[in-house]
Amino acid sequence: MSVSALSPTRFADSLSGFLQVASVLGLLLLLVKAVQFYLHRQWLLKAFQQFPSPPFHWFFGHEKFKGDQELQEIVSCIENFPSAFPRWFWGSKAYLTVYDPDYMKVILGRSDPKANGAYRLLAPWIGYGLLLLNGQPWFQHRRMLTPAFHYDILKPYVKNMADSIRLMLDKWERLADQDSSIEIFQHISLMTLDTVMKCAFSHKGSVQVDGNYRTYLQAIGDLNNLFHSRVRNIFHQNDTIYKLSSNGRLAKQACQLAHDHTDGVIKLRKDQLQDEGELEKIKKKRRLDFLDILLFARMENGDSMSDKDLRAEVDTFMFEGHDTTASGVSWIFYALATHPDHQQRCREEVQSLLGDGSSITWDHLDQIPYTTMCIKEALRLYPPVPGIVRELSTSVTFPDGRSLPKGVQVTLSIYGLHHNPKVWPNPEVFDPSRFAPDSPRHSHSFLPFSGGARNCIGKQFAMSELKVIVALTLLRFELLPDPTRVPMPLARLVLKSKNGIYLHLKKLH
């Protein structure tokens, strides 16, 4: 009698054979990965042989740089490791961490792409817009969007900025009656989102009044933290493994919330442009704002900009246009709160120029030099973007003779640069005189908006907004620190505080 093909014996034999083959293939794959790990590690060790570093574990890398004290640990290395040191995330992944202005000048003067290993992890969120694009596509998008930040466009934005700021300050008037301090970042983040929506995306209402936008802000905060965690987890570099993880599922949900918001912004503006009156008004404008440029864009081949490209640019600027500014403002306020003499001098300067602040224009922004010096000094101490990463497209030799081969990834630690005692004497001291007009400094010693060809396209927009916010706030409030809640700077895509930024607000009138 023949044994059925479906008999338990035949099935068990087949399963056993399959498991044996799978085990052999699994072991072979593991062996291949181990060899790749070893070879890449040896290549990195050779590439970094001219650059000493703190001790690190052969597999786990520099564990001390992965905690909440990451920024402080980098600063602590500056004295012992001049200019730069290799930072190992794990055994086969390392970056040269740079905090020297001469090194910065060399890297930012080149056309190296953004490091694909780290920045590709942002693609599901912000797509391939200006932040992630490289080469000719980046150049085309940059050239197309630059007119959105022309002075003629920025000048009338001051009124929109002031309107958004006053809404927040009115809310603070009510909160200031309480004895407790308030966490300012959430309020400021909502206000800067309101500003960028009005200025860059032709939004007619106010997101500070509509509570629906808090969901978007929460999603952005979650994505910031999730990206930071993923970059530092060896297993989460694989997209499939990450998607199956709890963090991967959270990231997918947060991305969807962020995309729903930007899709709604794009759809609303498209619907508005269906109105012939609105369309004709826009066509007659000498310069278009950010979103209208995208909607009217024609790429060099004559086709309209794809929906995918359009949303990527909107996602990118929606995030960068509000979150970095919110970080900058929050830390500026904290710096002024902890240095009341400088705060009062700024206030007196603004009062002498603006009176009660009922009217503020573009021309006023160049007439507050001391306030501008204080803003810059706060940006030095607390740069909104603590670091950026490049991947060398060709080998490079630095001014001190040390070199790196093609393919090495370089982290430009802006936080480290700004806290480097060889660049800034007594770097932890708040000293606005560093930015006095006659104060000499290296061209690449101060980089709150990066530098070179890929610097922040909206830096003039951001600086203008910072000046308006600081000026109008100091006319209405005295900022006081909460000594029981000292903020702890935290390395993320954008500089945050682990425990929030709490201030007491004292009404002046």
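Positions of Cβ are set from backbone N, Cα and C atoms, glycine also.
Among the ranges 121-141, 184-204, the stretch that Swiss-Prot annotates as transmembrane segment is 121-141. DSSP assigns Glu320 (heme binding site) to a helix in the three-state reduction. There are 22 other Cβ atoms within 10 Å of the Cβ belonging to Cys456 (heme binding site). Within 10 Å of the Cβ of Glu320 (heme binding site) there are 23 other Cβ atoms, across all protein chains.
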